[in-house]
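Engineer: So TrEMBL says this about it:
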{"type": "SIGNAL", "residues": "1-22", "note": "signal peptide"}
{"type": "DOMAIN", "residues": "76-352", "note": "domain 'Glycoside hydrolase family 31 N-terminal'"}
{"type": "REGION", "residues": "227-266", "note": "region 'Disordered'"}
{"type": "COMPBIAS", "residues": "245-255", "note": "compositional bias 'Acidic residues'"}
{"type": "COMPBIAS", "residues": "256-265", "note": "compositional bias 'Basic and acidic residues'"}
{"type": "DOMAIN", "residues": "415-743", "note": "domain 'Glycoside hydrolase family 31 TIM barrel'"}
{"type": "DOMAIN", "residues": "751-842", "note": "domain 'Glycosyl hydrolase family 31 C-terminal'"}
{"type": "DOMAIN", "residues": "861-913", "note": "domain 'DUF5110'"}
Amino acid sequence: MRLNRNCLFFILSFCYVKGVDKGNFKSCEQSSFCKRHRATRETPSAYIADLKSLSLHKERAFIDVINVEANIPLTLEIIALHNYAFRIKIQEKNGLRKRYQVENALVREPETAPIILLEKKDDHIVLGLDAVNRMVIQGNPFRLDLFNKDGHVITMNGRGMFKFEHYRTRKTLLGKAISKVAEVVGSSGSLTHRLASWIGNLLSSPEEIPMEHNPETDSQIEPLDAEEVQQTSEEPPAEVPVNNDAEETEPGMWEEDYKSHHDSKPYGPSSFGVDLSFPGSNHVYGIPEHADSLALRDTLNGDPYRLYNLDVFEYELWSPMALYGAIPFVMAKGKEGAVGVYWQNAAETWVDVRDVPGGGVVSSLMKLVSGGASEPGPHKEVHFISESGLMDVFFLLGPGPKDVLQQYTGLTGVTPLPQMFAIAYHQCRWNYNDQEDVQFVHENFDKEDMPLDVIWLDIEHTDNKKYFTWDPIKFSDSLGMMKNLSDKGRKLVTIVDPHIKRDSNYFIHKDCEANGFYIKDTNGKDFEGWCWPGSSSYPDFFNPAVREYWKEQYAFDKYHGTTKDVYIWNDMNEPSVFNGPEVTMHKDKLHHGGWEHRDVHNIYGMLVVDSTFQGLMARGENKLRPFILSRSFFAGSQRYGAIWTGDNGAEWGHLQVSIPMVLSLSIAGMAFTGGDVGGFFKNPETDLLIRWYQAGAYQPFFRAHAHEQTRRREPYLYDETTKDIIRQAIRQRYALLPYWYTLFYENEKTGIPPMRPLWLEYPKDSDTFALDDVYLLGDSLLVRPVTESKATSVKVYFPSDESAMTIWYDVETYETFTGRGYKSIEVDMYKIPVFQRGGSIIPKKLRPRRSSVLMQHDPYTLVVALDEEGKASGTLYIDDGESFDYREGKYVYGHLDYQRGKLSFRFLDAGRYSDASWVERIIVAGLRLKPHKIFAQIQGTKDHVELDFKYEAKMHILTIRKPKLPMNYEWHLQFY
Ligand code: NOJ
């Protein structure tokens, strides 16, 4: 064991010094399906939609789509959705095998809407949600065009790159044998798979024997569900040429090798891809996770962006390489509006992005279609390519970027309001050595007056990497340790990875083995891979019984030594398999239901977290809000908590890329994200560490973390000046917790994330469309962290509304900046360039405390920053900071408004929370005239109380001291 561990360290240290080894990860060229699809750029594929086959139902329509080369009918299902969206599904009409349909990403079955047949001609059909939001289906060649109020916004297959590899019988001796066996044994997916692999191992270079596709016998292998089978019209399909099946001979279709790994591919090719153009859009965003710019780059001369959840050590920057998570969602931004596409598929996916110089996506037919399109100017095009599964695509018609986000999060869900501690500061390290070390860390934060809410324990806290256990010597009294933390209002997070040590004395292993809970090898045995504990197996979270089992493990009587203040970190859940292809699971391993890992890879990690979430809910009797950090994620993961950007490095570039990475995640629904502050690998120079704390304090998830082999770097270890600067940065975070908390609450309600690209609030300001160094928190704070070494000034882009008169106030000095464009801002080491928008009111809590829990009853400071008309408004949300009581109405959500000398606080809804604190200070910036007197009146009282204030004429700043306004009542102030 010792030797194995050392071996691992050797491998890790190698990565540690050298950065990512690109040779460990596939390029498109090395991934046969990606290569085949990319080739359609030169030789477009040929499909027609048989418009005569249209079968129209109340909320959906079915049309046959036929590959004119192979003569294989597909079914296109079009579903009209509520809230301006269409969904389409494409699959074989008489499929040999059912395709995997992603089940866990959608928050619920989407609400459908009536579909309207607007036009039916020989060469096209128009289906509408209404007269404006509509889809044109063109027959020959097959293509879809979508329109919203801005006109023609999306085209699918405008370039003819649609290619759908139907399940087929292999034209070889081997293939013939497989299908014969399958015929005999019937439809058991896993049995077929096992036999297929077994035969495959016997025969190495099978002879090519042509064999015709026989839907009648083949369909016995695994028929589609009755409801999945499309309805067709009475009319005969259009004439199509006969199959020549040229593609059958291409390498990699029936088995594929990568390095020493063999993919047996018993079901053969099953991939599909299509081009999507966005006329009128010059920018596309999304498809996280990549360490790249927010606006996606043209990939023509390199690899496409890859979506395949992988454990990548010290990843490459500004690269389309795959990372730990995958969200197949893009948003295309036009001059003003935006549209989105959610490509619901959990298999390996590649996405090419292209800058199209102009023209090319409008067919002559389209120009004739009523309300049709004119030739577009330069625009973006993407090409999605997935290895298997159902083609299941959502077109989100906006028309604005916030509408698209609401449509997307309406489908996949929102991040539930976190507990207050979760959005405060977290201190992590691989590892805190023992309970004394934990005590030492939190005492030192106290000694140095540095706020801290959470300490984290990495894998070494366990008994030999057996999760749900403690090292009996180093953590002999975890409950005592917890008590010390809880007394200071602090929490602990422990790591629970989904690889299980194959140790016959380990209860989890015993249970999983006995119950058949592990992912299976092609021979039906438990798959064994290599991870932190050495030989490991992986629970199959696609089995509901496994999810239930995992959930139960978090109960206090099972996970001994934990309390309600212990929360969870699910790491390595891509899953990471050290000796697997590309450090992950082999694609032909088998899951519950007979699905291959190939079909479900990208969603595995999310199911781990889903089960953990259910476990924490059950543990706390559904009272306390769970907190979970995950490394792997998929569309919908936002519903379970936070993710972080994995193993970054202590380099300025990693700090810089953290901004577009978090923004990209934010606009793909993942609201609660951040990177390892300080960089995971390597030792940061002091100024890098400082700048990272300053940036991290203004990102949604704020956690410092470091690799085992780095020097200790808790902020109290530094010289006095460094300590002071970091202390100030963390305090700035704590001061803004009421604002962050309100933003998270609003995110739960609307799906709009706390951290936003500028264009989300200024959709017409095209200068904001490609910015990677500046962003907004809510709509009121502009943040441009210093991410350059030795910077003495930074250039900040100030966006503006149409009148170009937006005023921005420096949050420290109240210096104002007006008008759109770049301004140079001087920075010393203390300075974090943050600006409050004129027209906003921001709630803060300014009393320094040791943890957020100790701030619960602290009074508020309201910062009112006036716009050019002397107005401002904002919101404030308050509750107990931890429970689900807010869902029973125990909260206050209020609107703050200042205009014409009156500042008022009004409840926005029926929520009430008697424990809400009070206002101790109000600062009004930009007030041109000094008031004579200010009176306060609190709802339910007749008294008008005169308030004490001071006015700084030079800066136009008014400060009202101790107005003592209770936030559980409505009130107003009148300025005379
Ligand atoms: C990989 C994670 O990315 C890292 O944060 C963690 O410290 C190590 N696993 C050890 O658990």
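Glycine residues also receive a Cβ, built from the backbone N, Cα and C atoms like all the rest.
Where the annotation comes from TrEMBL, it is an automatic prediction and has not been curated.
Source: prediction; values computed, not measured.
Show me how these features fit into the structure around them.
Structural biologist: In terms of DSSP secondary structure, the compositional bias 'Basic and acidic residues' (256-265) contains 0 helix, 6 strand, 4 coil.
Mean pLDDT, taken over the domain 'Glycosyl hydrolase family 31 C-terminal' (751-842), works out to 96 on the 0 to 100 scale.
Across the range of the domain 'DUF5110' (861-913), the DSSP-based residue counts are 4 helix, 27 strand, 22 coil.
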Engineer: Using DSSP, break the domain 'Glycosyl hydrolase family 31 C-terminal' (751-842) down into helix, strand and coil residues and give each count.
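Structural biologist: Counting residues by DSSP class gives 7 helix, 34 strand, 51 coil.
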